[in-house]
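First the structure, in the form of structure tokens, and then the observations on it.
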């Protein structure tokens with residue numbers, strides 16, 4: 001983006017009228033100052049030819065090569081993890097009845113063995129990029145499989161996966177193999193040769209856009225108000241801030257406001273020489289924190305690797321020059337770069353420089369069009385209206401990172417037989433491998449279409465599919481996202497038109513959030529509350545679990561009629577009124593007001609409270625026996641409290657078994673929490689080693705199948721069992737797999753007000 005100091009100035013033409021000496025001196029000083037700050041002068045922008053010359057200015061390739069190496073290396077680590085190579089057989093196993101969510105319905109996964117081949121090609125492409133071996137071909141070998149896998153599954157889309165594809169696309173057109181590459185060893189013309197400035201401009205511009213647009217998106221009122229990541233401040237990383245700030249102020253000032261300021265300013269801080277050290281410090285601290293806060297794979301490390309792109313292009317040579325001479329022999333050359341045909345060299349005194357050729361013109365056009373496109377796409381939602389729900393645009397390319405947090409309270413899928421009219425219900429997520437379809441109209445349409453093709457196998461003819469999905473976004477009321485009266489199989493959906501069956505977000509109720517927080521804080525630890533908002537003419541059918549012995553509904557706004565189904569009674573509630581709900585029965589809540597109704601369920605899980613009291617009594621009894629204050633003998637059924645479960649001994653009661661399980665779990669948590677750093681680091685390494693081991697073994701099996709044919713099912717089962725082994729981990733370690741392969745944190749546990757609440 002910026003041209004660093006040392007740029008050649010354009011010499012004035014000899015036929016121009018000489019100006020007075022003071023004017024020339026003043027102009028020279030101004031030009032030099034502008035070049036020092038921005039890296040270019042106004043004369044570099046005076047004509048298209050000047051712009052082309054500027055963007056193709058010869059630049060040191062060292063910085064670009066370091067980024068190429070680091071980015072490709074991180075992609076090698078990413079492929080088995082977030083790209084899913086280690087669990088590929090679970091996702092694309094042949095013969096599964098699975099509903100998938102590609103960008104285009106024509107996109108289909110290949111048979112499993114061929115999918116492993118696709119990933120192998122992608123891995124080899126990343127390896128070639130890293131080494132600079134057959135560089136251009138390696139970029140293509142990585143890029144095409146990457147975008148195929150990316151477009152194959154919208155449920156895995158996120159901003160950083162999209163960014164990886166963009167960076168790989170950019171590198172494909174760049175001369176990043178002109179330094180520290182195998183190609184340079186094999187081809188003298190590419191070894192230590194200049195690269196055009198636009199190679200850096202595109203990459204710097206991309207990273208600048210990621211930061212700045214992310215900051216602009218955080219100007220959203222929810223982010224500024226501190227609602228987007230409200231609970232993040234509970235993480236131990238924010239403990240130093242909580243020494244001087246409350247948790248609420250830490251969330252508002254540190255998480256939200258500082259995050260906003262950093263995103264808005266990071267690109268500018270990195271751009272200018274004077275502020276770059278400050279920018280490098282803060283963005284490095286920011287990404288190191290993110291690596292611990294979120295399961296986002298290689299993203300923090302890719303951003304850390306991109307930060308030096310803003311530094312002087314020759315910084316790797318300066319670093320090599322400071323190394324011991326013996327070490328310098330193993331490192332890339334520190335010699336000055338050589339001329340390259342990819343660059344345009346300014347004319348020297350008395351000589352006319354070469355004019356920019358077609359390749360130089362194309363490089364400049366690519367740079368300008370690409371950056372303009374990247375500035376436009378995050379705001380192109382008016383074109384892709386079908387993807388707009390409560391948030392705008394296709395998820396993943398708008399850079400609205402962490403701005404919206406959702407909680408799903410209730411999901412119900414109803415099917416109706418088109419011939420008999422028979423109604424039935426499906427488990428949410430049946431025939432899928434993801435939960436993300438619940439938030440997006442395009443995926444819901446794909447899911448309904450898929451279900452309509454699968455249900456006839458289960459004697460459901462011409463199925464109609466209805467979804468009742470309740471979502472809260474950024475701590476608002478739980479409300480319906482889609483119209484539950486619409487058959488989504490027959491519903492109209494277009495990527496370029498607004499989806500009519502998406503319910504609007506009730507923004508008018510946003511000010512209620514402060515009051516809702518006050519209500520929550522006023523309740524005791526055993527009392528739970530769920531806040532509901534519903535549209536006129538709709539109703540909620542709900543079931544109160546028998547465990548909830550004390551459940552009431554209270555109206556906050558509007559007017560509702562509550563029907564107790566078993567008792568065949570109706571009661572209308574006005575604002576502020578409430579009524580008790582019987583446990584173990586269904587009820588319906590009808591919104592009869594002309595405006596949306598708001599109400600809340602307040603309930604106590606009496607079964608859970610009783611269990612907690614019993615467990616607390618057992619814990620107290622155990623402590624009394626251990627410290628000698630309880631001298632009487634324990635009943636036989638309580639002996640396991642002291643001795644644990646003994647084979648052949650008395651059978652513990654269910655309560656004692658629950659107590660012992662909890663004790664073991666708490667002890668394991670405490671052991672892991674207090675384990676020394678080297679043990680935790682070893683566990684981390686062993687988990688990653690398992691991921692890479694399984695990726696390699698399963699890939700070897702599939703490539704063998706393609707080359708030699710599949711062996712017997714018995715042999716395949718033995719080979720897969722061997723691939724699933726964890727030979728490096730201690731026996732007592734848990735068998736949790738691929739902690740980094742998921743980009744989405746688990747949702748909160750469902751409540752008990754409904755079978756799915």
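From the backbone N, Cα and C atoms, a Cβ is placed for every residue, glycine too.
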Practice prompt. Using Swiss-Prot as the reference, determine which range in 341-361, 362-382, 383-403 is annotated transmembrane segment.
Written response: 362-382
Discussion item. If you compare the topological domain names in Swiss-Prot, are residue 36 and residue 269 on one side of the membrane?
Written reply: no
Worksheet, complete the sentence: Sequence-distant residues near the transmembrane segment (61-81) by C-beta distance (under 8 Å, 6 or more away from its ends) are 119, 122-123, 126-127, 129-130, 132, 142, 164, 167-168, 171, 174-181, 192-195, 199-200, 203, 297-298, 301-302, 305-306, 308-309, 311-317, 332, 337, 688, 691-692, 695, 738, 740-741
Item to complete: Please work out the mean pLDDT for the residues of the topological domain 'Lumenal' (383-757).
Response: 87
Discussion item. I need to check the long-range neighbours of the topological domain 'Lumenal' (82-113): which residues 6 or more away from its ends have a CB within less than 8 Å of a CB in the stretch?
Written reply: 119, 122-123, 146, 148-149, 151-156, 161, 297-298, 431-434, 436-437, 443, 446-447, 450-451, 454, 457, 691-692, 694-695, 698-699, 702-703, 705-706, 720, 737-738, 740-741, 743
Response to the item:
DSSP tally for the topological domain 'Cytoplasmic' (314-361), helix/strand/coil in that order, comes to 15 helix, 1 strand, 32 coil
